[in-house]
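Asks: Before I ask anything, let me first share the structure, which is written out below as structure tokens.
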Amino acid sequence: MEDAKMGNAATIRAVLAILQWWGFNVTVIIINKWIFQKLEFKFPLTVSCVHFICSSIGAYIAIKVLKTKPLIEVATEDRWRRIFPMSFVFCINIVLGNVSLRYIPVSFMQTIKSFTPATTVILQWLVWRKYFEWRIWASLIPIVGGILLTSVTELSFNTFGFCAAMVGCLATSTKTILAESLLHGYKFDSINTVYYMAPFATMILSVPAMVLEGSGVVSWLYTYESVGPALAIIVTSGVLAFCLNFSIFYVIHSTTAVTFNVAGNLKVAVAVLVSWMIFRNPISAMNAVGCAVTLVGCTFYGYVRHLISQHQATVATGGGGPRTPRGRLEMLPLTAEKQGDKI
């Protein structure tokens, strides 16, 4: 009886964790799109910089003042040798996401982001010469096919926005792969990750933002009618972006890897639906099918990874099963599924 109550409590906690994660994630995406489209604040570098600043302050308060998480100490040398390169790629990833959001609908941008598993596997295979078994490659087919169908049938297609989103996928994959080597030995959670990376990202982006968008921002401040409320919305988006990191931390510790994977793909579907209800961007039937195929493919990919990891764990503990020749080791692709979208 006691076990049943604990199981029910764990289930309720997991559901609540997923719902609040969805809420923060979708809200941040919708507000960012609203800033670019409705507020006519077409400055993605500046918006990203605001997010980094809010996250830097928020992480400092969370760790140093509220002490919600213990600070993971990192040597000064490692901060520049390991954290800074990660922060640079991290910065590019966030900026490209906001750039793509300015030019293409949320539905299209979110679908393209689902291409990240494929870019991660391909990069590891091409650059790092890692080998994967046929099931991993087969699971990527619906993802690639869905992206192609969605791109061809997108009614609001924009080449620049599409390229920004695709390069953003490569940046996400690069960040995930680099994290394995650069952050080896450090067990970062989402809050500590932001604590160290957000200040570096702010430093990296502040000068380009001022040079490329400074005059435009000043012009907007003088010409936009309701500057006060608009600035409040922009800052709110930065605060919510930081809160998203707490929600990621909570959901990671309340769900399994499989649940997290499925919930992540359903989150994309929720973001697509909510964005369509708000912005009413045209979506053709084939475009919706392409999006659905992509999300199903991502879920299938996550399921295949789970099966392979279970098999490898069984073999490693002497549970039997065919062993792979050492020279052609079938490896699991790295994944960012336990990190999600930060800032």
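Quick reminder: no glycine exception, Cβ is built from N, Cα and C everywhere.
In case it helps, TrEMBL gives these features for our protein:
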TRANSMEM  12-31  transmembrane segment
DOMAIN    14-301  domain 'Sugar phosphate transporter'
TRANSMEM  43-63  transmembrane segment
TRANSMEM  83-104  transmembrane segment
TRANSMEM  134-153  transmembrane segment
TRANSMEM  194-211  transmembrane segment
TRANSMEM  231-251  transmembrane segment
TRANSMEM  258-279  transmembrane segment
TRANSMEM  285-304  transmembrane segment
Asks: Taking 83-104, 134-153, 231-251 as candidates, which has the most Cβ pairs under 8 Å with the transmembrane segment (194-211)?
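Replies: Against the transmembrane segment (194-211), the leading stretch is 83-104.
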Asks: Counting Cβ pairs closer than 8 Å, which of 12-31, 83-104, 134-153, 285-304 has the most of them with the transmembrane segment (258-279)?
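Replies: Between the stretches 12-31, 83-104, 134-153, 285-304, 12-31 has the largest tally.
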Asks: Would you confirm whether the transmembrane segment (12-31) and the transmembrane segment (231-251) meet the contact rule of 3 or more C-beta pairs below 8 angstroms, pairs 6 or more apart in sequence?
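Replies: Contact criterion met.
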Asks: With contact taken as 3 or more Cβ pairs under 8 angstroms (pairs 6 or more apart in sequence), are the transmembrane segment (43-63) and the transmembrane segment (231-251) in contact?
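Replies: Result for the transmembrane segment (43-63) with the transmembrane segment (231-251) is yes.
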Asks: Looking at 83-104, 134-153, 231-251, which one has the highest count of Cβ pairs under 8 angstroms to the transmembrane segment (285-304)?
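Replies: Out of the listed stretches, 134-153 contacts the transmembrane segment (285-304) most.
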Asks: Mind checking which residues reach the transmembrane segment (134-153)? Cβ under 8 Å, same chain, six or more beyond either end.
Replies: 108, 111-112, 114-115, 117-118, 121, 162, 284, 286-287, 289-298, 300-301, 303-305, 307-308, 332-333
